[in-house]
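Listed in Swiss-Prot for this protein:
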ACT_SITE  HIS42  active site
BINDING   TYR45, LYS84, ASP491, GLY528  ATP binding site
BINDING   GLU86, ASN529  Mg(2+) 1 binding site
BINDING   SER87, HIS88, ASN89, HIS90, ARG109, GLN237, GLU309, SER310, GLN311, SER531  substrate binding site
ACT_SITE  HIS88  active site, proton acceptor
BINDING   ASP110, ASP265  Mg(2+) 2 binding site
Amino acid sequence: MDKETIKAHKISDEEYAQILEILGREPNLLELGVISAMWSEHCSYKSSKKYLNGFPTKAPWVIQGPGENAGVIDIGQGMAAVFKVESHNHPSFIEPFAGAATGVGGILRDVFTMGARVVAGLNSLKFGDIHDEKCGKHQKYLVKGVVNGISHYGNCMGVPTIGGECAFDECFNGNILVNAFALGVCKSEDIFYAKAEGVGNPVIYVGSKTGRDGLGGAVMASDSFNEESKSLRPTVQIGDPFSEKLLMEACLELFKTDYIVGIQDMGAAGLTSSSFEMAGRSGSGMKLYLDKTPMRESGMTPYELMLSESQERMLICAKKGYEDKVIEIFKKWDLDAVVMGEVTNTGKMELFWHDELVGLIPIEPLSEKAPILSRPTSEPKYLSEIKNYKFELKSSIQELFIQMLQNENINNKAFIYDQFDSSVQTNTIKADGKLGASVIRIKENGASVAMAIECNSRLNYVNPKIGAALAVASAGRKVACTGAKPLAISDCLNYGNPQNPEVMWQFAQGCEGIKEACKELNTPVVSGNVSLYNETEGVSIYPSPTIVSVGVLEDANKTLKASFEKENLSVYLLGESLGEFGGSMVMKIQDKKVSGSLKELDYKAELALWDLLYKANQNSLLECANSVGIGGIAMTLAKMFAISSVGANLTSDFDDEKMIFDESASRAIIGLSKENEEAFLNLAKEFGVKAYKLGVSTSQKHFKLDSIELSKAELDKLYFESFKEQIQ
């Protein structure tokens, strides 16, 4: 094998030596391509696996933790929620519409492959500076393309996109982040797993035909970008949501039968990863007859068939004798279905082309025992330079308030979420635009499931460990503010180039923060994804661990809103304000800096707040609640009253006026009627949570907070109309 071919497959000299040892000979091109894909960062997690191993993954309500297509938790009365968040960053930067659309398609397949009907989607989007003279126009093009791709796929599938977050920073100028989350619901006893066992059981290919799109996608997503990256468009997959809708319905029909052993979607590395993962998990072997693959293009080779990432395809291990019944279901839905192999006990993948053996590879070294790297780490030099920076107010508080509310990181994103169908399936209780976590009704048991997606990249830049812990806490707090109990998380860890020791240090610290927070807050990790090599021309993104928290409220009718719907409601701040300005939005806007330090998270205070919110809502004491986040109580209150029909007369009583922009954790704003005040304050005392009265909601169309005064019309204009102007 010549060195150029090996290098083109991103195989190092050390890895090639391992290949020779595993095979006992030189690989052919097909085998090299397969091994390259399975050992890519995207498929093998070779740089990250050692740090993920310590994640808390168990709890009495966890049915399935990491290692399957998605995580599963018990949501009561025999029902389960199946969910996962995943990235499609690199493809979305290269081809925003197709990249984002297939990102949605992939995460939907991960969930319905487990036997669940998908009932909700969320997304976390990070773009570069839309005001930048050089790249601002391109960033706006990326925003529009990505949003169009997500809405096209989700809307066509009939899956409501009910929430998300969108942030902008120059660190994403060369690498945008597109993280998609899906949640499905099924009976706890009806979950299907990705396994291939039982010697002689048939392996069946179902779904769309295979083309040349997405070739080398997994390897491409395991590398950084440079000027030549524009030529990678052919590696971006092309999605067809209508085919996926047929595939989902066919699979859900199949799941009502007893015909199959296991099922796996064909995602990154296509037929390669699905076959190796199924056999690897089961300790089996497999024969695949590649010439039987349904092909969309003529003249396709075994190499192309194994590595194509054409969308809307699944691999099924059926019970022997049920092949025709399985195929009949998929044919009914106008999909391809063909027996293309069988399970063996050899522990090897045997690849045939017109009955000739063209590839023979041991499965375990490519799946369960793929190489794990121990990359060097070192603390980034910038941390010592930024940690002592102190934020001081330099402009008028009213000016700063207005600047912040109309900033693209805070203002309303109706331009984005209005393109998503959030009400299809008629289960949505709280969707995007209503602040905080999104909520859906589970008709089968009367409960509701709340979900929130969270990632503050600036905080993770300032302190990767505490920043990651804060993401776990913040997502959970948003769920708690709906009245639900946070139960578990899914994570998507977006970082820079792992070959840079400073990036690996950030990643290791981020994992430590997630481990610590999940353990202390009793929200185990049940699924997730790692996206590395988010770097362009040597510049890495800020560390960006995206966390989705999922929780359950037993009675959907008790779901809390985040808006004040009545006048004369008492407005309270819960929790302590500690003067946290490190990595804050107010510092970024006023000083154009991301600096400072972060205080350790007080987990007892965080849990006490969650427990108080749950109990107070169960006792029907609260009218509304919202987590305090970016921009402190100033922005939290401004947004709550912008989406409300009433005005506000509020006083913070802080000694230092800038404290209204403090971003301390473990805080919430609540609204309650005056007759419930005493009972609530007694309960807060019982839980050890400080409650500070800020004022009341009023019938006057006016917003007042300390010295800040705006008419309701001015407040609404700043919040609701700014982004539409900025993105044009």
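Glycine is treated like the rest: Cβ placed from N, Cα and C.
A separation of roughly 10 Å, to the nearest angstrom, links the Cα atoms of GLY528 (ATP binding site) and SER87 (substrate binding site). When the C-alpha distances from ASP110 (Mg(2+) 2 binding site) to the binding-site residues LYS84, GLN311, ASP491 are tabulated, the minimum falls on LYS84. The recorded positions recorded for this entry are HIS42, LYS84, HIS88, ASP265, ASN529, and the Cα of ASP265 lies nearest to that of GLN311 (substrate binding site). Reduced to three states, the DSSP call for ASP110 (Mg(2+) 2 binding site) is helix.
When the recorded positions HIS42, LYS84, HIS88, ARG109 are scored by other C-beta atoms within 10 Å, HIS88 scores highest. Comparing C-alpha positions, ASN89 (substrate binding site) sits nearest to ASN529 among the binding-site residues TYR45, ASP265, ASN529. Note on the binding-site residues ASN89, GLN311, ASN529: the fewest other CB atoms within 10 A surround the CB of ASN529. Taking every pair among TYR45, LYS84, ASP491, GLY528, the residues listed as contacting ATP, the largest Cα to Cα separation comes to 17 Å. It is GLU309 that, of the binding-site residues GLU86, ASP265, GLU309, has its Cβ surrounded by the most other Cβ atoms within 10 Å. GLN311 (substrate binding site) falls outside any helix or strand according to DSSP and counts as coil.
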